[in-house]
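Shown next, in structure tokens, is the structure this report addresses.
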């Protein structure tokens, strides 16, 4: 069984790389389902009010994906359950979200992860982090065109996105739940450039070989 999860900020290319990897490896792809998330547009309008509700909704969604991934044995997911708390913690540190709500969420996350079936299967076999600069992040957010994410809708989102990036590097450095690797999303445009795509896929294949999950 090989379970791969993608991580990275908004606009990093997680869903695109998930599709490419799932096709390459012949595995099931699982997506965050942003377009079907009824809370996300509300969150962007009022983060203080909706942070707890959004993260609880996402936690339930991720655990359902984990259960399905275990049943399917091989899968690639475009968002890691381990990084959801990063968004919540950032909002607490910024004074947007309530610290008590974060403690409740963190306890809920821990308890629900304990109930996930199959002790080894709680953790992925590989986490792939896509690193991007703020310029690349903003360009891709603008390109995909979700209205509630756009700076033209809310210019203050630029500061929010910049803060989010500043939280990701320390989070990735501390992450130790599974083997991990970093992809440079600025250097390798794996969506538009075939050569970059091939290099990224080859690097992931080699990592899977190194950790014993690909022959």
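Cβ coordinates come from backbone N, Cα and C, glycine included.
Listed features, source Swiss-Prot:
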ACT_SITE  78  active site, proton acceptor
BINDING   8, 9, 10, 11, 12, 13, 14, 15, 16  ATP binding site
BINDING   32, 44, 55, 79, 84, 149  substrate binding site
Sparsest-packed of the listed binding-site residues (10, 12) - C-beta count within 10 angstroms: 10
The one of 16, 55 whose CB sees the fewest other CB atoms within 10 Å, among these binding-site residues: 16
Neighbour-count leader, CB within 10 A, recorded positions: 32, 78, 84, 149: 78
Integer Å distance between the CA atoms belonging to residue 149 (substrate binding site) and residue 14 (ATP binding site): 16
Cα-Cα distance maximum in Å, computed over every pair in 32, 44, 55, 79, 84, 149 that the record assigns to substrate: 19
Reduced DSSP assignment, residue 16 (ATP binding site): helix
Around the Cβ of residue 79 (substrate binding site), the count of other Cβ atoms that are within 10 Å: 23
Pairwise CA distance, residue 32 (substrate binding site) versus the residue listed as 'active site, proton acceptor', rounded so that it is a whole Å: 6
Candidate nearest residue 79 (substrate binding site) in space, where candidates are the binding-site residues 8, 10, 12, 16 and distance is Cα-Cα: 8
Residues that sit under 8 angstroms from residue 44 (substrate binding site) by C-beta distance, when 6+ apart in the chain: 148, 149, 153, 154, 157
Count of other CB atoms lying within 10 Å of the CB belonging to residue 14 (ATP binding site): 25
Candidates 55, 78, 84, namely the recorded positions, that fall within 10 Å of residue 8 (ATP binding site) by Cα distance: 78
